[in-house]
Amino acid sequence: MILVAPSILSADFGNLTNEIKAICDAGCDLIHVDVMDGHFVPNMTIGPVVVTPVAKAATKPLDIHLMVEDNNFFIDLFASLKPMYISFHIESERHPHRVIQKLRALGIKPAIVLNPHTPPEAIEYLIEDLDMVLLMSVNPGFGGQKFISSVVEKAKKLKELINKRNPNCLIQVDGGVNDKNIHILKDAGVDVVVAGSYVFGNDNYSTAIKSLQV
Ligand SMILES: O=C(CO)[C@@H](O)[C@H](O)COP(=O)(O)O
Ligand SMILES: [Co+2]
């Protein structure tokens, strides 16, 4: 079954801890936390001052998605919150293997993110050291954007590389995911989806999450 990670970017930040409890009670699998620095992407979000109460309220593991220039700095900021995953963009990192080793040493599962234009071959020789690869199906920076459908073919290519190099590595897709595209993602071999506006825009979080757990 596909695992669902609601992106809290679309939550009501005036009522954040209750929103976190609500998605956990509604049966989500992970909590996706989008961290943006205003440099790597043209938007800024949250740091440890906000993510710490999120971690306290959460009964499901955190999945932190870094959209930042300085990955090491942000990993140091969030490591004490013991997220299950931290993902960082291949496009922002000169030494991705070193960052993977750092995450492993901290007991955090390493994941790498690919922007829509980046081919899966860019990380072929990192797959054996990764727990997850995140394919962006929108340009990173904002919630509520339209799904870029070329990610489906990319997921299939990535799945072939994963089968060859490390079958335990998961494929995650992030951006514009909803109940209309979930089945093509499942058929392409996707294991985890992030959904922000679809989950938080639904009156019933449980119904929305279940409709993606196919
Ligand atoms: O990383 C990002 C955006 O940069 C995502 O996690 C979005 O926040 C997903 O939102 P929706 O596209 O599902 O509304
Ligand atoms: Co994200």
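Every residue gets a Cβ built from N, Cα and C, even glycine.
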Need one residue: from Asp131, Asp174, Asp179, the one TrEMBL lists with His32, Asp34, His65 for divalent metal cation.
Asp174
Under 6 Å from ligand 2 by C-beta, which of these recorded positions make it: Asp34, His65, Gly141? Sequence order, please.
Asp34, His65
Got a sec? Which of these binding-site residues, Ser7, Ser197, has the most Cβ atoms within 10 Å?
Ser7
In whole Å, note down how far the CA of Asp34 (active site, proton acceptor) lies from the CA of Gly143 (substrate binding site).
10
